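Features as listed in Swiss-Prot:
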- 1-46: topological domain 'Cytoplasmic' (TOPO_DOM)
- 35-415: domain 'PTS EIIC type-2' (DOMAIN)
- 47-67: transmembrane segment (TRANSMEM)
- 68-101: topological domain 'Periplasmic' (TOPO_DOM)
- 102-122: transmembrane segment (TRANSMEM)
- 123-126: topological domain 'Cytoplasmic' (TOPO_DOM)
- 127-147: transmembrane segment (TRANSMEM)
- 148-157: topological domain 'Periplasmic' (TOPO_DOM)
- 158-178: transmembrane segment (TRANSMEM)
- 179-197: topological domain 'Cytoplasmic' (TOPO_DOM)
- 198-218: transmembrane segment (TRANSMEM)
- 219-237: topological domain 'Periplasmic' (TOPO_DOM)
- 238-258: transmembrane segment (TRANSMEM)
- 259-276: topological domain 'Cytoplasmic' (TOPO_DOM)
- 277-297: transmembrane segment (TRANSMEM)
- 298-318: topological domain 'Periplasmic' (TOPO_DOM)
- 319-339: transmembrane segment (TRANSMEM)
- 342-362: transmembrane segment (TRANSMEM)
- 363-378: topological domain 'Periplasmic' (TOPO_DOM)
- 379-399: transmembrane segment (TRANSMEM)
- 400-415: topological domain 'Cytoplasmic' (TOPO_DOM)
Amino acid sequence: MAIKKRSATVVHGASGAAAAVKNPQASKSSFWGELPQHVMSGISRMVPTLIMGGVILAFSQLIAYSWLKIPADIGIMDALNSGKFSGFDLSLLKFAWLSQSFGGVLFGFAIPMFAAFVANSIGGKLAFPAGFIGGLMSTQPTQLLNFDPSTMQWATSSPVPSTFIGALIISIVAGYLVKWMNQKIQLPDFLLAFKTTFLLPILSAIFVMLAMYYVITPFGGWINGGIRTVLTAAGEKGALMYAMGIAAATAIDLGGPINKAAGFVAFSFTTDHVLPVTARSIAIVIPPIGLGLATIIDRRLTGKRLFNAQLYPQGKTAMFLAFMGISEGAIPFALESPITAIPSYMVGAIVGSTAAVWLGAVQWFPESAIWAWPLVTNLGVYMAGIALGAIITALMVVFLRLMMFRKGKLLIESL
């Protein structure tokens with residue numbers, strides 16, 4: 001019979017009463033065990049905001065730059081003021097401007113939503129406002145107050161936003177702080193409303209303000225600024241290294257937390273017009289297309305079926321979902337045989353994404369698959385990168401499965 005470790009030891013005092021003594025090691029393990037769940041809670045609530053903002057933003061660009069043929073170096077507002085549009089085209093352009101503005105606002109709420117729900121998952125609904133405020137300050141930090149000795153005057157300056165790094169740190173800290181304060185601050189029943197609607201919100205807001213201003217924004221901004229400086233200074237080599245890293249992080253867990261973190265990094269660079277989102281968008285679709293393709297070519301290449309019966313229809317489904325920008329269709333393959341699937345689609349995603357970036361494919365619009373393809377610069381090269389990555393993925397997984405089958409390490413259920 002398995003005996004589970006207890007998180008507390010019962011000690012009997014002189015009076016015979018039992019007292020629970022916390023085990024620090026168990027509490028530490030519990031913290032690290034629960035933390036990924038809290039982070040995923042924030043990510044799952046943030047994704048709809050990202051999708052809404054991204055799709056509406058992409059739609060505005062589709063109207064302006066594909067349908068109305070506005071030159072890529074001209075903004076929508078400049079096009080409105082050019083006097084070249086009238087009637088229905090002018091109405092379309094106005095709608096494109098509205099979609100761009102609204103989509104940008106929605107997109108800007110993604111990180112605050114993430115931070116709010118991470119804090120909420122940790123500290124309950126009382127921690128939600130603190131998390132939201134912290135997430136908002138990570139994208140729109142408070143101005144820095146500086147004294148200029150030359151003019152003997154105070155002036156303000158804009159710090160580098162801490163973005164995802166800052167939101168992650170402040171949401172966790174604020175969540176546990178509110179949870180601790182709620183447990184430790186004991187008031188009479190008639191003051192509970194005062195505690196939950198005034199005292200805890202004010203204390204947590206002051207903490208977030210001070211922590212973000214003096215610690216988290218400088219730290220996160222320093223990291224973000226350093227990364228951008230290095231990538232910009234490295235030029236083409238930096239862009240290729242960035243593409244490889246983003247592609248690997250995007251593909252590795254097929255929509256999981258690492259993928260979402262890579263999305264935050266990529267989108268922050270894209271919205272600030274530092275680096276395009278090309279590599280991430282390509283890496284999203286390569287794994288499901290490649291694994292789906294493997295179920296089609298395995299018998300033609302090897303003379304035998306190398307996948308279990310249920311994976312063949314799932315391969316076709318994965319390919320279809322890939323064109324919708326959904327990589328989760330590849331998950332059954334990764335679960336069934338991670339040793340063959342994960343290395344294959346990782347290599348395919350890295351090679352295909354990097355090749356497309358190196359050959360000049362550019363995508364600035366924060367969406368993937370068919371939703372953004374009409375807005376890609378050098379679409380032919382972009383699609384060639386997807387094809388290259390998918391073919392590499394398919395060939396690798398077929399070859400690895402064949403090797404394992406011949407060694408007797410792969411059991412295949414026949415159709």
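Using the three backbone atoms N, Cα and C, a Cβ is placed for every residue, glycine included.
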Contact call for the transmembrane segment (198-218) and the transmembrane segment (127-147): at least 3 Cβ pairs under 8 Å, seq gap 6+:
yes
Can you tell me which parts of the same chain pack against the topological domain 'Periplasmic' (363-378), counting only residues 6+ beyond its ends and a CB-CB cutoff under 8 A?
50, 53-55, 57-58, 61-62, 65-66, 72, 107, 267, 270-271, 273, 276-278, 280-281, 284-285, 322-326
With pairs fewer than 6 apart in sequence excluded, do the transmembrane segment (238-258) and the transmembrane segment (342-362) have three or more C-beta pairs that lie under 8 Å?
yes
Under 8 Å, at least three CB pairs between the transmembrane segment (158-178) and the transmembrane segment (238-258) (pairs 6 or more apart)?
no
Under the DSSP assignment, what numbers of helix, strand and coil residues are found in the topological domain 'Periplasmic' (363-378)?
6 helix, 1 strand, 9 coil
Need one number: mean pLDDT over the topological domain 'Cytoplasmic' (1-46).
59
Could you give the number of helix, strand and coil residues in the topological domain 'Cytoplasmic' (123-126) as assigned by DSSP?
3 helix, 0 strand, 1 coil
Among 102-122, 319-339, 379-399, point out the range having the most Cβ pairs under 8 angstroms from the transmembrane segment (277-297).
379-399
Per DSSP, what is the residue count of the topological domain 'Cytoplasmic' (400-415) in each of helix, strand and coil?
7 helix, 0 strand, 9 coil
In the topological domain 'Periplasmic' (298-318), how many residues does DSSP put in helix, strand and coil?
13 helix, 0 strand, 8 coil
